[in-house]
Amino acid sequence: MQSATCFPRDNYTKTLGLTILITILDILSDILIASIPILILKKSQMKLSQKMSLALFLCLSIVMALFALARCAGIKDGSDIDYMWEMYWQYMEGCIACIMASITPFRTLFTSLLSRSSREKAGPPSNTFIEHILKRRKKANSQDWIEMNDQQSLPRPPGALLSGLRTFRLCVLVAILSIFGPLNTTMDSIPNERPPNCDEDVIESLIDLETGFPSVSTSFHHEIFAQAIDEKYGGSLRRCASLACQNVNVYGYGSSTDYQKTFANYPIAKLGDVANFVTGKPGSKTEIIHNFDGLVEAGQMLLVLGRPGSGCSTLLKTLAGQTDGFEVSQKSVINYQGIPMKTMHSEFRGECTYHAESDVHFPHLTVGQTLELPAQARAPRLVLNSNEIKRAAYARESKDATLLALNLSSAVDTKIGNEFVQGVSGGQRKRASIAEIMVGDSPFQCWDNSTRGLDSANAFEFLKALRESTRKKGSIAIVTLYQASQDMYDTFDKITLLYEGHQVFFGNPWDAKDYFVKLGFICAERTTTGNFLTSITNPVARITAEETSARFLRSSRDFADTWDRSKQKQHLLKEIKVYHEKFPVSSTELAQFRTIRRAQKQLLIRRGSPYTVDIFKQIRICVVRGIQVIRNDFAPPISNIIGNVIMSVILGSMFFNMSETTDSFFGRSVLLFFTILLNTFLGAFEGVALWEKRAVVEKHFRLALYHPAAEAISSLLCDLPNKFLLTLGFNLPFYFMANLRRTPTAFFTFYLFAFVGLVTGSMIFRTIGAMSRTLTSSIAPGAIFILMLVIYSGFVIPVTDMHPWLRWFAYIDPVSYAFESLMINEACSETQLTFCYSAAEYIPLQGSKGEVLLFPRGHIAIGADPTDEESEIIHERYPGVQERKNMEEFEAIMEYPPPSPDANVSFLWKDITYDISTSQGPKRILNGIQGWIQPGSLTVVMGCSGAGKTTLLNVLAKRAPQGVIGGEAVIGAQHKGEHSFARKVGYAQQNDIHLSTSTVREALELSAQLRQSRRFSTIERKAYVDEIVRILDMAAFVDAIIGIPGEGLNVEQRKKVTIGVELAARPDLLTFLDEPTSGLDSNTAWAICTLLRRLANGGQAILCTIHQPSGDLFQMFDRLLLLAEDGRQIYFGDIGYQSSTLIEYFERHGARKCRDHENPAEWLLEITSAEGHAAVLDWSNIWQRSREKQKNDQQLENFKDSLENPSVPMEHNTDGETEFATDFLTQLKLLTKRNIVHDWRMPSYLYSKFFLALGGAFLNGVSFWHSQNNIQGVQNQIFSAFLIMTLYGSIVQLIIPQYFENRELYEIRERPSKLYSWPAFILSNFIAEIPWQTIMAVLIFIAWYFPIGFSLHMTQEDVNSRSALVFLFIWSFMMWSLTFSQMVVTALPSAALGVNIASLLHSLSLIFCGVLVPPSALPHFWIWMVRVTPLTYFVGGIISTGIGNSEISCSSKELVSFRPPTGLTCQEYLAEYMSYAGGNLLDPTAQDTCQLCPASSTDALLSALGIFYSERWRNFGISLVFSVFNVLGTLLLYWLFRLPKRTGRSNSSK
């Protein structure tokens, strides 16, 4: 392959000589620059850090200059020269400039030099060659030229100049080059030739030559702009792609443990996994893809058709290299145009992308910010040379063009959001996901049902953009579509059809229909080709002709055998053989592709790396992204900082203005220990926030945007300002309030250790989180690690008392080193290190006062047959599938009340408006919407993405989260009541949100039990659920766990469950459905719409939104409400037979004719969209002036009058008189059962809690093993009980996310449906957790109580009662931990914020519980805090019960020895002292040496801490009161902050 960059031989020697000369001069300039400050600073006293910086600067200069010379020795062509210069500048100048900028003398020196140079310089150099370097080149015609990668023959320095160094270097080089004669050419002698196939006019129309940026002139600007870039390079960087695959077989492994893991069977499942690993038997082999063959040439698009579960997603993942969870057979052959499969998926991972059906983003980022990172991470090193567009400008323009191409410009500053964070619409979020892939410009793209959630017009526009991109760039696209219109189908070059993993066709789109028609299959009238092909794979949907071979084709194996014998298959195999001969694996094409990627990648990247930018650039763009996330969601960091400032002030006031005598020695040690402890453990609560972004990071890793390590580093850098403010806000107030050493040196030393401690702790816990697969599994190891850091810090247990089996941990404990350093800093001057080291050793002694279908075990899937990876190991066959053909055979099973004979409508709305507040001011989402719903009618709401379809449904269903609603909504008199409307409507949301651990039957039965009218018995409700299961054809998976996407039900099954849950409620008035067919294949969508049609025929009123209806589906609806992009109404009225009424209206008002075989729905969206041919027409104004609108206005008034004043009195319906269908106790019973089962089916959650309790308690007990009843032993036992209380910091990280997840489900889906009351929700969560908290208390008691040795010092009479009371205190503490955690998070918007605030409040409780600071040592103002702190009673109760009322025997080192006065015994001498101070003499009669034990009983020591044995039962009662208070507080806080306020209305709504 000829290189894209070529050098005339006569210029090679000149360039090489120039390079060597400049390098030598560069070395001299380095020495000169380094010598100047040395001479300046020679007479001053330089510090060691300055000397080391200068030495490092000189070494880097010399080493990098030698590296540049070495590169010159190996130069072969111009590309190597350019490579050498890029490497040289990026390595040396970047390193040196950073060092220079960090040293004040250098910065001052260069500032003065540059300012002087700018004053003295009269004007720019006049040399034409210098102009060539510093300006853009113009077009020229000379043939004697030098072309380099950047199309300039000399190096130019990179962008921004750090501390003026690069400007200085450039001035030196320009001065030298001005006198270098041989290359002093004119501008006209350096041409800018274009490739022969380049359309000059097209390029100039797209690129603004004045600004160098593209001009916006087309909606597909992104694709044409990318084409212009390629043509500017003469095609040298165009990465063509093609694919040939043969005998591709994909399989997975299953076993008998493919059932829902519960707390009971989880150990068995893990033992089975271990046994399979040891024996090398992974399980039964399950075939997913069978012998797939295919060929996709460069510039082509392949459409993969098949029903959900047929293997479409698995095929795309296999071709894109994402084979986690399954394996590809070794005999499979996949040739990426000469590139081996392994190489493509490793070295070129970012060139082969897969876009999943689900959208995963940072919800708080805006759409524009979401696209910034992929645009910058995939921007090539080489850019438009003639205009010198830099990489940053290229990335910005590429992002803007993509936004414009996908019609996202209006949403660029709107949060992208998710199911729980309000943001853009679902369609806009899907387009943002598409843009994220398109901006990366990969040549091999796999799109898995990526049009889900898009309206048909936008979906078609996306495919046209993809079509244009592949054609112009020579790339390929493999796409799966479940509902492909005929226009979409005709866009593709190749089609393949999969049937249960078997390939049954591959070829041209126009041949596919003929192939199956010749076999004897009949294509129904007005059925698109895509729907016809998909129906072939459905046994009950395909139609066969009489006396044809098609009648004998039944199984997927039969279809595959027929395909293997066809001439089309033989022709395909011949084409594949020719392809392999043309592009053999590891051929020159691989070397060419590597050359192109090398030209695109930055120069610091290793050759085999899949990334485009180096690690430093990756870190930078991740830092920018991280800052944007923080800026868009300020609540957690701000609340954390404010909370720590408050805590600091409180802490400082507790130790206010300590004296500088030895009396404050212990107080200072306690304060410093608690300080370093909090600083280190503040990072322990970052786990929740860290896991929120893990899915996004993994997605970006697969797209080769950045390395996960770059995200980890950037996360640390982004948190540094927050951590800096956090440590400053926490350490500054109390440091000076407590009168710690008030000198600059001492304070900044203290602050340095505090800051480093915080960063160190953060990294430790991030590492633990990174090593864990789930959030819950990372908490228990982190908690145990925290406990070890505390125990072996040297403060809690003196070094001499540490047990040898864990003594080693003190040597790797960062808290130990930080605490020791802070003690030295506080107590010592620089000349007293020896004394201070001994003091640090002594003071702690005195201070010792971490899509599989799942079935519950015992349930068997009906017709289970393992197949596709989308359902992973077990995927349900539907032998009883009743779809399109036989839906009519169902009898009407739902008894709906007949419509009123005098009222033709059941619900109407008039002049509906909806306004929300934005940063730019009020914004109107809906404007003047009107319409009605009649019983027995099926009304559809349509419009382009972002038109407000879902918003309209939310407003009509009274579920709008915020904003001001205007207009009227009227229902019939029989349905009026305070709670009637919400009780009598069903709302199937677009997002399928369910409790992940429930089975389908459990979800349906819960909805039926809690929402159906009381006139139905429990038996009738369950029978009704069985009918819903039958009519929705869910019998095969009705006992399956709903799960999460990828492990549980697939998209189709989840959508059926969503609809079934609403139908199970028997809605009397109206059913809303938001996108009921999204994500479904055409046959299943037909089945859903047929079901809706039947429900409507039975008298049900239905209003739904649909994005991509086919022509057949569109005909099922009676009436259409069409919205414009600005939220105004375009049409409301009948659709008519064959859409005649609708078509006649729009054609009469100027729309183009609708062709006979055109889908009316797609035609409608095309003519009314902003990109449509008739976009110049203002359809909203046309509708307002139309006679249809005037007729509707009159009908609305008549309907409104008939609803409000019925001529015949309506039967009073009492269902709406109560807010909920069931009483409170029934709700509480059902919810508690559901929550207990939910926890039981989450073994990771329960085992994490139990491992935390068992591990933390056992480590605590072993570390304080059998503490003696001496003074130090008593202190150790007190601290041991205190450390039990610190387990809350980890328990809260388990409880709050679990509770928050339940709250989100309740508030998003269950509360608006009036499923149950909010008190039932709160109390059921409390009750369901009680068993697990009780088990934790038992584990803590067993693992801690006996090792600590409490019972060794009790009498036989009271050991049982006192042991039981200790257990009750531990149990009460577990109850308090549960109730307090849920109370704190109840009023907060996020789980991470709840964890932070709860942890801060718990830290305050630790301070005031009386262990670290005795009540007598506290300022009088804070005594009330001791009394209201729950931990005061927990610690006091446990300690008084465990060691109270016991004698003390001092150890030898605790005895006080002295000589009594002559003639007096020790007893006589100390009688008066011991009468009030207590104590015990070892020998009272001794006259020579007295040995006094300062304390005679534990009560004397405990009384100093405010702990009394007699108050143990009182403390237990008070501890229970705190838990009750927390429950009541939770109810109050939820009522104040979480109950929805009434949405504002500008007019009355009836």
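Just so it is clear, glycine is given a Cβ too, placed from its N, Cα and C backbone atoms.
Since the structure is predicted, the reported quantities are computational estimates derived from the model, not experimental observations.
In TrEMBL this protein carries:
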- 1190-1203: compositional bias 'Basic and acidic residues' (COMPBIAS)
- 269-525: domain 'ABC transporter' (DOMAIN)
- 907-1150: domain 'ABC transporter' (DOMAIN)
- 1190-1212: region 'Disordered' (REGION)
- 20-41: transmembrane segment (TRANSMEM)
- 53-76: transmembrane segment (TRANSMEM)
- 88-110: transmembrane segment (TRANSMEM)
- 670-691: transmembrane segment (TRANSMEM)
- 747-768: transmembrane segment (TRANSMEM)
- 780-799: transmembrane segment (TRANSMEM)
- 1246-1266: transmembrane segment (TRANSMEM)
- 1278-1300: transmembrane segment (TRANSMEM)
- 1321-1346: transmembrane segment (TRANSMEM)
- 1366-1388: transmembrane segment (TRANSMEM)
- 1400-1424: transmembrane segment (TRANSMEM)
- 1516-1537: transmembrane segment (TRANSMEM)
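The largest share of C-beta pairs under 8 angstroms with the transmembrane segment (1246-1266) comes from 780-799, of the ranges 747-768, 780-799, 1278-1300, 1366-1388, 1400-1424. Distant neighbours of the transmembrane segment (1400-1424): 640, 643-644, 647, 650-651, 653-656, 667, 670, 674, 678, 849, 1278-1279, 1282, 1285-1286, 1288-1289, 1292, 1380, 1384, 1430-1432, 1434-1436, 1504-1507; these residues of the same chain sit at least 6 beyond its ends, with a Cβ under 8 Å from one of its Cβ atoms. Spatially, the transmembrane segment (1278-1300) is not adjacent to the transmembrane segment (747-768); fewer than three Cβ-Cβ distances between them are under 8 Å for residues at least 6 apart in sequence. Counting residues 6+ beyond its ends, the transmembrane segment (1321-1346) has Cβ neighbours under 8 Å at 1227-1228, 1231-1232, 1234-1236, 1238-1239, 1246, 1249-1250, 1252-1254, 1256-1258, 1260-1261, 1280, 1284, 1287, 1291, 1295, 1299, 1302-1303, 1306, 1310-1311, 1363, 1366-1367, 1370-1371, 1373-1375, 1377-1379, 1382, 1386, 1442, 1527, 1530-1531, 1534 in the same chain. Per-class residue totals from DSSP over the compositional bias 'Basic and acidic residues' (1190-1203), listed helix then strand then coil: 14 helix, 0 strand, 0 coil.
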